[in-house]
């Protein structure tokens, strides 16, 4: 058994919510009043009413739902819609709800890497690399080197703006001797005021002593949306389909054959993939095959026209299998204090008949 706050900390450290897309709704979505101890956690791809019944029967204190059950804001909590009923019943039964969604998509070793693992040995890299969440707010650094008398006055004026972080450093400036380097981290709005302040203080000397550096958020290697898999040994489309079906436990998938491609006569070396709905992530990517859960009709037409075959497995079928991997990871991260279960009821709403 573990306190909910500690469990949430573990979950956030495993896959920081900052990895999620800006439009997403991730993290702790439903929180019963404290104290709330977690002894059983149920993992599910989608939190449906059927899964919630299962959670109550299994006495789960926390549901980790990959897809957020609360996405569009709820204006009321009544019995008129299934999502409202879920929120109400979770609170009535003191069940917390946490959703990681696209944070797990971007995560190194997350959903997309799990999907890629079923294709064979090869090089795997993100299609769209994530960046670190910092720096935030202060996106520019103003640097100016001045002599000590001017530095005192300028530092005071910049600090008086109260628009950024001002620091100083003694430096050697060659033939100019010692000088003071003043750095100010600031926003774009504050930068205009800071440059004006430097110009007023230094006059003509400002042009030769001032420089501005734009800060960029460093990339996170191996982390990001989608994956491009370059197989060490090319395979036929038929072989690739067999690997996908085996990995996902499916008897059937949908296939859009690229122009000029065949099941047995064309080799596949590169596969661009995106768990769930991959239309926007995969659009325009050069690869032999696109692998995803679903794409629009017109995105498929665009892909096959440029010779890229499309494998569609239905949305959640490309995500759900990761929960079994996650089950073991969370059990270890929580030191065995929480029983982690995977839903038996959860399934994709679409079946091929």
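Including glycine, each Cβ sits where the backbone N, Cα and C put it.
Given the structure is predicted, the values throughout are model-derived calculations rather than measurements.
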Listed in TrEMBL for the divalent metal cation site shared with 67, 315, 319, one of 105, 113, 288, 344: 105
Looking only at 67, 315, the binding-site residues on record, which one has the least crowded Cβ, with the fewest other Cβ atoms within 10 Å? 67
Taking the center of the Cβ atoms of 67, 105, 315, 319 at the recorded divalent metal cation site, which other residues in this chain have a Cβ no more than 8 Å from that point? 45, 66, 101, 111, 275, 276, 277, 293, 316, 318
Counting Cβ neighbours within 10 Å across all chains shown, tell me which of the binding-site residues 105, 319 comes out on top. 105
Is residue 319 (divalent metal cation binding site) helix, strand or coil when read with DSSP? coil
